[in-house]
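Student: Okay, so TrEMBL annotates it like this:
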TRANSMEM  27-46  transmembrane segment
TRANSMEM  58-78  transmembrane segment
TRANSMEM  90-111  transmembrane segment
TRANSMEM  193-213  transmembrane segment
TRANSMEM  245-266  transmembrane segment
TRANSMEM  272-298  transmembrane segment
TRANSMEM  310-330  transmembrane segment
TRANSMEM  336-356  transmembrane segment
TRANSMEM  377-397  transmembrane segment
TRANSMEM  403-424  transmembrane segment
Amino acid sequence: MDAHHDEEAAASPLIAAKPAGGRSHAADAHVLSAAFLFVFSAYSAAQNLQTSVNTEGGLGTVSMGIVYTSLTIFSVAASPVVTRVGPKRALVVGSSGYVIFILANLVPTWYTMVPASLYLGFTASIIWVGQGTYLTSAALSHARENNLPEGPTLGSFNGEFWGMFASTQVIGNLISLALLRNGKDGGSVTGKNLLFAVFLGFMIVGIVLMCLLSKRDEKRDNAPTHSSFGAMLKYIVAPLKDRRMLLTIPLIAYSGLQQAFVWAVFTKSIVTPVLGISGVGGAMAIYGAADVVCSLVAGRLTSGLRSAAFIVSVGAILQAVVLFWLLLFYSPTAGLLGAAIPLFIGALWGVGDGVLNTQLSALLGLLFEDVKEAAFAQLKVWQSGAIAVIFFLSPSITLQAMLILMTTGLFISFGSFLFLTLVVEKSSTVRP
């Protein structure tokens, strides 16, 4: 009975003890989720439009490739930056790159987009390591102060965050759909500029919310300090010496592949030929809605590695079905059925994305609590590297070749993850 009560309480982050002198840990999670909702409602929609709007010389595709290449490189060193400045400051500083990227889209040239993309990669590495560190710290503190099991609590906090984050695809893309609704060419230049001006306003609200976050007690949460470059480097690469991280990396990389597939391939090769550029927002809104529901459900069902294995299996099977169907049977068709197919594909793909985001974050927080900044830095290194690969490859390979690449990546990553569950269960390294 007590164990059941603990799991129910962990699955309900609204029931939270209030730390002395500050906001409750659950309330911080709510504020963090809301801040990302505003910032990424703007950025996600802008990103989805890059390959369709900034088409001159492949500017949009190259810009996104630069963003994720830069993010991959800078993520290697992001964990000591977050450790030094603290996750709250990292979140605020990291958001500046997204603002500059939106401003560059108001005057999209090679001279504005390339520098903005490089800077965004740098700041994104900071904001995402800061996010993972802050949310994990809040969840673990909540669990300890309320005598709750850490696994379900991490799952609940991550489910809430990723559910809110996934809804950015709904909100941002519905705004895009409304402002770029005139024709298949994506609307007028005035409409595009108005859209990015609205996005800029959203980001300012998000940054204000980040400034309202409580400062985490890093000493209590065991954040390490580094007395030398060698010590810092050792901390960064520490997770790579752990077999559990090596077995998790393929799934991390695939999570990046499947996200970039939606942004760079699905919108351009599947949605746009049938629904036009103006239909990208609607398709991605449905993708985001499925992502929201799945993230919330998956977060509440998470209780440990076994539950994560089951949940990831469901998402992997659904994405495998989509990939095989696109590879073997799909061809663009006209009419109502033809318009519905991209929307249905987007919904199924959103389920898989919700599963991966929620379970990966909870898994890293559970397995690598002592080096959580470095673990989340590894998440962004491998995830962003995979995203960059897709953005750079997509203009030069066929849809069929891309589908084969995705299918191969799915099978390798899923097999590695199943082996991870056996390794962890055998060694009993995850605390109940």
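From the backbone N, Cα and C atoms, a Cβ is placed for every residue, glycine too.
TrEMBL labels come from automatic prediction, so no person has curated them.
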Student: Are there at least 3 C-beta pairs under 8 angstroms linking the transmembrane segment (90-111) and the transmembrane segment (193-213), leaving out pairs fewer than 6 apart in sequence?
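Tutor: Yes, the transmembrane segment (193-213) and the transmembrane segment (90-111) are in contact.
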Student: Flag the pair the transmembrane segment (336-356) / the transmembrane segment (377-397) as in contact if three or more Cβ pairs fall under 8 Å (sequence separation 6 or more).
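Tutor: As far as Cβ distances go (cut-off 8 Å, pairs 6 or more apart), the transmembrane segment (336-356) and the transmembrane segment (377-397) do not touch.
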Student: For the transmembrane segment (377-397), name the stretch out of 27-46, 245-266, 310-330, 403-424 with the most CB-CB pairs under 8 Å.
Tutor: 245-266
Student: Could you tell me what the rest of the chain brings near the transmembrane segment (403-424), counting residues at least six beyond its ends with Cβ under 8 Å?
Tutor: 243-244, 247-251, 253-254, 257-258, 261, 305-306, 308-309, 312-313, 316, 319-320, 323-324, 326-327, 367, 386, 393, 397, 430
Student: Okay, the transmembrane segment (245-266) and the transmembrane segment (58-78): do they have at least three CB pairs under 8 Å, pairs separated by 6 or more?
Tutor: yes
Student: Going along the chain, which residues at least six beyond the ends of the transmembrane segment (90-111) come within the CB cut-off of under 8 Å?
Tutor: 32, 35, 39, 42-43, 46, 53-54, 57, 59-60, 67, 81-82, 117, 119-131, 133-134, 193, 196-197, 199-200, 203-204, 206-207, 210-211, 213
Student: Can you work out which residues elsewhere in the same chain, 6+ from the ends of the transmembrane segment (310-330), have a Cβ less than 8 Å from its Cβ atoms?
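Tutor: Apart from its flanks, the transmembrane segment (310-330) reaches 251, 258, 270, 294, 298, 301-302, 341, 345, 348-349, 351-356, 358-359, 399-400, 403-404, 406-407, 410-411, 414, 417.
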